[in-house]
Amino acid sequence: KQKVIKWRVQDTFAAGIALSWSGEILARTINDIVRTENYRLEIEYHYGSELFPMAETFEAARTGALDAAIGWPGFLKGLNSALVLFGSFPNSYTPEDFAIWYYYGGGRQLADEVYGKYNMKPFAAGGGGIEGGLWSNVKVTKPEDFKGLKIRCPGFSEDILTMLGATTMAISPDEIYLAMDRGVVDAAEFSFPAGDVSISLHEVADYLIVPAWWQTAMITLLAVNMDSYNKLPDELKPLLEYATKVSYIMSFAKWEYSNIDAIETFTKAGTKITKLEDETIEELERLTVQLAEQEAGKNPDFLKVAKSQYNFLKGYGQWRSHSKPYGQGKVHKYWPNFVDENPQFPWITDKRDNAYFGIFETAGN
Amino acid sequence: MTDTLLLLFVALITIGALFLGHSVALTFGGLGIILGLIFVGPAVLPIAVTKTYSVMVSFPLIAIPLFIFMAYILECSGVAQRMFNGIRDLVAPIPGGLAIAVTIVCTVFAASTGIIGASIVSMGVLAGPYLLENKYDKRLTVGTIMAGGTLGILIPPSMLLIVLGAVAGISVGQLFIGAIIPGLLLSLLYVIYIFVICCRNPALGPPVAPEDMDVLRVRLVRGMISVTPPVLLMLTVLGSIFFGIATPSEAGAIGAFAAIILMVCYGQFNMKNMRYATTATIKTSCMVMFIIVGVNIFSAVFMAMGCGKTLGSLFEALGNQWLFFAMVMLLIYLLGMIIDWTAILMLLVPIFFPIAKDVYGVDPFWFGMMVAINLQVSFLSPPFGYALFFMKSLQLPGVTLGDIYRGSLPFIALQVVGLIIVALFPQTVTFLTDLAFAQ
Amino acid sequence: MKLLLSIARMIDTCNEWVGRVAQWLIVALVLVFIYESVMRKGFSAPQIWFTEVSYFLFGYYILFGSAYTFLHGGHVSIDLFSERLPEKWRHRLAIACLIGFTLVFSFAMIKGGLPIAINSWQAGELGHSFWRPPIAHFRSVIPAAFLLIFLQGVSFLIKHIAALRGEQS
Ligand code: NA
Ligand code: NA
C-alpha cells in the first residue's frame, strides 16, 4: 500500500500575478511524478500571503512552520545577504547562466552549504528571465536622471539607487498601482513583462525604462525545511529533484513566452519604451561591483558565493563574447517569406494552459 | 462533500462563538488558534504571529489611527460642532438635510481613500453625536454613516479593486473606471432614500422649524463662515490624496497636524483636550486594528484548512448561468460574514472566474464588478460586518448593537437594489470604460 | 481572594500606565510624518529612516495600546444575547470566554512569538531598507504586548470569579 507524505508549501507570490507560475508548475509536477510503489509526496500548495505574509514565507520554511517555501528568496536579505544571491543580483546572470553555474559550476553545493546553515534544503525551481524594466513617469536615460526620484524597488537595487541619489520606497505589490497612479512614487519596478501586466502597471506609467539592470533573472527556489527533507523516504528524493528541474525549464518557457503578449499590450497602451544610455549601464555596473565588494567585506558567505558566481561569469563570458550577436540578445533583421506579418500566439490568451504533459495526472490517477 | 461540511461546521462554530458576547477581536483570534491547532497543527502559532507582524508593517493601515486622531481633535476642540452648525444653517429647510450632507462628505471621502475604517470612524466621531443632538433617528444616523463609509471600498481608489484586478487578471484601470457609476449610483440611492423617508416622516430627520430659522441671507453668511475653515481643511487633506500630493497616511498626518493648528486658532489647545483626543484615539485605533488582526489570523487558518477549495466542482454542475451567478453571490456574501475580503478573493476568484468565463461565458469584467459590489454589502451586513463593529466601538449615546443592526438593514436593501440594477444593466459598468478605452 | 483581587488591581494599574504612555505615540507619528513631508517636498531630502521608524511607532502604538483598550472595555463585542442572561450566568460565560479565547489566544501568541523574537536577537536580524536598522526589538513587541493582554485577561478572570462568589472588587 502506497504511503502518502503531505507537505504544506507556500509561494512568496500571490494568486493571479504571473510570478506564481513556477510554484504552480512545481506543485503539479511533484504531485504527478514524486511517487514510487511505496510512497507518494503530496503538495498542499498555497499562494503567497494565504498563510504567511509574503516576506515571511522562507522564514516559515526555515522554522518548520511550512514544510517548504517556493519563490524569490530576496526576502532573506535581513538574515544573510548571501542567501539572496540564489534569487537575483543586479547586473548579473541570466536564467541560462544561473542553470549552468548551479548544476555544473558548483552553485548547488554552495546553495546547500549556505541554506543548510539555516536549516533549509534548497533547489532551484524556476528560471525567470530579465525583468521588464523601470515603470516611470519621468524619462530616465542618464545616471543624473535618477537623482531625486522616488522609486519603488526591493533587494540590492535599493542600495544602488540610493547611491545614485534616488529615494527608494518599499511598497507591497498590491500598492504599486495606486502609488504610481497618485504620484506617490515617480517610478517603480515589479517583475518581467507578463508580471507587470498582471498588476496593470502600463496604465499608470508613461515610460518603460529598459533594460532591467537590477534583476537580470529571477530565480525561484524551493527551500525545504531540513527536518521535513530528512524525513522524506530516500527513494523519493531524486524524484523531487527531477520535479524541480522540470519546473525550472517549464516556468522559464512559460514566462518568456507570455512576454510576447505583454509587450504587445504595452505597445497598444502607448507605453514609451526607452533605453538607458550605454554609459548609464556602465555606471550602474561599476556601482554594482562596488556594492558587491562592500558586502563581501562584511559577509564571508557573500564573498564565497559571489566569488564563485563572478568567476563563472568571467570564464563563461569569453565564450559568450564569441557567440555575439546571437543568444538571447539577438534580434533578427531578415525573415523568410512564409513568416506572418503579425504572428498569432493562440494559447497565450488561455493562461491556465502551461503546456505541461502530465504522466500520471493525464491518466486520471 | 466533506469539505463543504467542514466549511459549514466552521461557519456555525464561528457565528456561535461571536454571539457569546466576548470581544470580537479576541474571539476571532482565540477561535482561529483553536481551530488551527485541531485542523492545521502547531504551524498555526507562527502563522498567527507573522500575520500580526504584517499588520504592524502595513503602510496603508497607518492612515487609520491618523484619521481617527484628526477626527477626535476636530471633535474635542469644537471645530466639528461649528462645522456642522454651519452645514445645518445651509441645509436647514431640507428634511434629512444633515444626513444627506453626511452621505455627500462620505462620497468625497470615498473618492480619496480606500480604507473604510478611516471614513466610518472619522465620520462617526464627527457627525454621529451631532445628528443625534439634532433629533435625528439613531438608526438612520448610524445607517447613513456606515453605508457612506463602506462606499470607500467601491469608489476608486480602492484596495479591493486592485487585489481583485490582480487575482482575476482584469485591468485595474478598467475596474476603477467601471466602479464610478455603481458607486455614485449607491450614493444617490442613499440620498434619495434619506430624503424620501424624512419627507414622509419628518421625525426621522427633522428640518429646522421655520420659526427657528433666520432669514436666508443671515443663515448663508453665518453658515459659510463657520463651515469654511474645517471644510477647507478636509478638502486640503482629501484633495492632497486625490491629486497625488500625499499618500492617505501622509494626508492623515497632515490633517491631524492642521486640526491641531485649528484647535490653537480657536483657543482650544490645552492639555485636557490633547489628553482626551489621544486617549480616545488609542482606544478606537486599537479596537479597529485588533479586529483586523483577529480576522486576519482567522482567515489564514481558514485558508490553511483548505475550506471551500472543492466548491468549484459543485458550481460547475449547476447548469444555469443565473443560478450559478446567484449561488456565487450568496457564497461571497456568507463568507463575508466570517473571513476577510482578501481571503475571499484569493479563495473564490481562482475557482469561479474560470468557470464563469469558460462554462457560462460571463464577461469577467462585469462579473468582477458584481463581486466588488457584493463584497461591499458584506462589510455592512449583520451580524459581522466590519462597519457594524467600527460603529459600535464609538459608543454613541443611546445607540445599541440592535440599533446598529436595524439601522443597516434599509441600506443593505439599497445596496441589493444597486446590485440588481448593475446586473440587469451591464451598461452601468461598461459605459464609462467603453468611453475611456475606446481607442 | 483578597490577594488575587489585589493582583488584579496591580495588573490594571500596570496596563493603565502602559496605555497612558503609548497614547502619546500618535503625536510622535504625526510629527515624524510632518518632518518627512517637509524635508521631502521642501528640501528634496527624504529621510532614509522614515518608513521603518513609522512602522516602529505604529506597531508599538497598536500593540501596546491593546491591553489598555481591553482594560477599558474598548474591544467591541456582540452582546445582544449575553446581556439578557441572569447576572450569574453572565459571569460564568465571561469566564469561559476569557479562558477559551483570550487566554488561549494570548498564550499562543507569546509561545509563537518568543522563538521568532529570540531568533531575531540571535541572528541580529536587520531591516531591508538602506538604513538597515536592527529589528529584533520590533519582533519582540508581539510576545510582550500579548503578555500584557494575557495578564489583563487574568485580571478580568479574577474579578468575574470574585463577583460570582459575591465579593466586591
Ligand atoms: Na522585482
Ligand atoms: Na475609495
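The backbone N, Cα and C atoms fix where each Cβ goes, glycine too.
The domain 'TRAP C4-dicarboxylate transport system permease DctM subunit' annotation in TrEMBL covers B:15-427. On the 0 to 100 pLDDT scale, the model's mean across the domain 'TRAP C4-dicarboxylate transport system permease DctM subunit' (B:15-427) is 85.
Residues or ranges marked as transmembrane segment by TrEMBL: B:31-49 (among others).
Marked as transmembrane segment by TrEMBL: B:61-80 (among others).
The annotation transmembrane segment is assigned in TrEMBL to B:100-132 (among others). Below 8 angstroms of C-beta separation, residues 60-61, 63-64, 67-68, 70-72, 74-75, 80-81, 83-84, 87, 91, 94, 138, 141-142, 144-160, 183-184, 187, 190-191, 194-195, 234, 237-239, 241-242, 248, 251-252, 280, 284, 288, 292, 379, 386-387, 390-391, 393-394, 396-399 of the same chain, each at least six residues beyond the ends of the transmembrane segment (B:100-132), sit close to that stretch.
Taken from TrEMBL, the feature transmembrane segment covers B:144-170 (among others). Beyond its flanks by at least six residues, the transmembrane segment (B:144-170) meets 60, 99, 102-103, 105-107, 109-116, 118-120, 123-124, 127-128, 131, 176-177, 179-180, 182-184, 186-187, 190, 194, 341-342, 345-346, 349-350, 353, 364-365, 368, 371-373, 375-376, 379-380, 385, 387-388, 390-391, 404, 407-408, 411, 414-415 of its own chain at Cβ-Cβ distances under 8 Å.
Residues or ranges marked as transmembrane segment by TrEMBL: B:176-199 (among others). The list of residues near the transmembrane segment (B:176-199) in space but at least 6 beyond its ends in sequence, with Cβ under 8 angstroms from a Cβ of it, reads 94-96, 99-100, 103-104, 106-107, 110, 140, 144, 147-148, 151, 154-158, 161, 205-207, 365, 369, 372-373, 410-411, 414-415, 417-418, 421-422, 428-433, 436.
Per TrEMBL, transmembrane segment is recorded for B:220-245 (among others).
The transmembrane segment annotation in TrEMBL covers B:251-269 (among others). Counting only same-chain residues 6+ beyond the ends of the transmembrane segment (B:251-269), those with a CB under 8 A from a CB of the stretch are 62-67, 69-70, 73-74, 76-79, 82, 112, 118, 229-230, 233-234, 236-238, 240-241.
For B:281-302 (among others), the entry in TrEMBL reads transmembrane segment.
Sequence annotations record features per position, and here TrEMBL assigns transmembrane segment to B:322-353 (among others). Through the fold, the transmembrane segment (B:322-353) approaches residues 10-11, 14-15, 153, 160, 163-164, 167-169, 295-296, 298-300, 302-303, 307-309, 311-312, 315, 359-360, 362, 364, 367-368, 370-371, 374-375, 377-379, 381, 383-385, 419, 423 of its own chain, all at least 6 residues removed from its boundaries and within a Cβ separation under 8 Å.
TrEMBL lists B:365-391 (among others) with the feature transmembrane segment.
Among the features that TrEMBL reports, transmembrane segment is placed at B:411-437 (among others).
The highest tally of CB pairs under 8 A with the transmembrane segment (B:61-80), across B:220-245, B:281-302, B:411-437, is held by B:281-302. Between the transmembrane segment (B:281-302) and the stretches B:220-245, B:365-391, B:411-437, it is B:365-391 that has the most C-beta pairs under 8 angstroms. Within its own chain, the transmembrane segment (B:220-245) has Cβ neighbours under 8 Å at 70, 74, 79-80, 82-83, 85-90, 105, 108-109, 111-113, 214, 251-252, 254-255, 258-259, 262, 265, counting only residues six or more beyond its boundaries. Counting only same-chain residues 6+ beyond the ends of the transmembrane segment (B:411-437), those with a CB under 8 A from a CB of the stretch are 143-144, 146-147, 173-174, 177-182, 185-186, 189-190, 193, 325, 329, 363, 365-366, 369-370, 373-374, 376-377, 380-381.
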